[in-house]
Amino acid sequence: MTLPPAIPPTPADSMSVEEHMARSNLFTTLEDLTAWSRKHSLWPFNFGLSCCYVEQVTVLTPVYDQARFGAEVIRASPRQADLLVVSGTVFHKMAAPLLRLYEQMRAPRWVISMGACANSGGMYDIYSVVQGVDRFIPVDVYIPGCPPRPEAMLDALIMLQQQIGSERRPLGVTVGNTAGLGFDAPRRRDQRRDERMAQTLLDPPEKL
């Protein structure tokens, strides 16, 4: 019994310089490498306040496996996190602690607002509820729903990763005054508040 002849290795001299460099080296810019490492290594800090948090923690179960996106390391301290996920109803008494937690996070930092209550106050158009968490901290991704499904949280992570991958942030950035960045724009909800409060009759079902 004879063995088949071994395939001779390709001599290095027969490869072009471009082929040899492509097999042995990785060429990129420091900004692209930093963005790639950041988007695949998110350290979330969960701030759950209501029923949306139940759907949020479901993403950590094996059924959805958030670890696939490099965001499974839940941090107990905001000083070790770079992603803040706000889910649930944000009351005015919780706004100051939430802002303090955000300011303790290391830069660069990102924020996901999960659910209708965190996005715009939801159905609680009352004095004690903040009408959107973006009133006092910048938000990168909004997740609609009441409550949103766990798949929506995964979609938000993918959207955030795409956003981080295209960013050209410096290695360190300090978020200061947000005036002029779109966070202080008037909301249609507030513009029509007087009109809603003046209504005394409900619309019939056929007009809804």
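Just so you know, glycine gets a Cβ as well, placed from its N, Cα and C.
Here's what Swiss-Prot has on this protein:
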type	residues	note
BINDING	C51, C52, C117, C146	[4Fe-4S] cluster binding site
COMPBIAS	185-197	compositional bias 'Basic and acidic residues'
REGION	182-208	region 'Disordered'
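Each of the binding-site residues C117, C146 was scored by other CB atoms within 10 A of its CB, and the lowest score goes to C146. By a simple count of nearby Cβ atoms, those within 10 Å, the most crowded of the binding-site residues C51, C52 is C52. A Cβ within 8 Å of the Cβ centre of C51, C52, C117, C146, the residues given for [4Fe-4S] cluster, is found for these other residues of the same chain: S50, S87, G88, T89, M114, G115, A116, A118, G122, G145, P147, P148.
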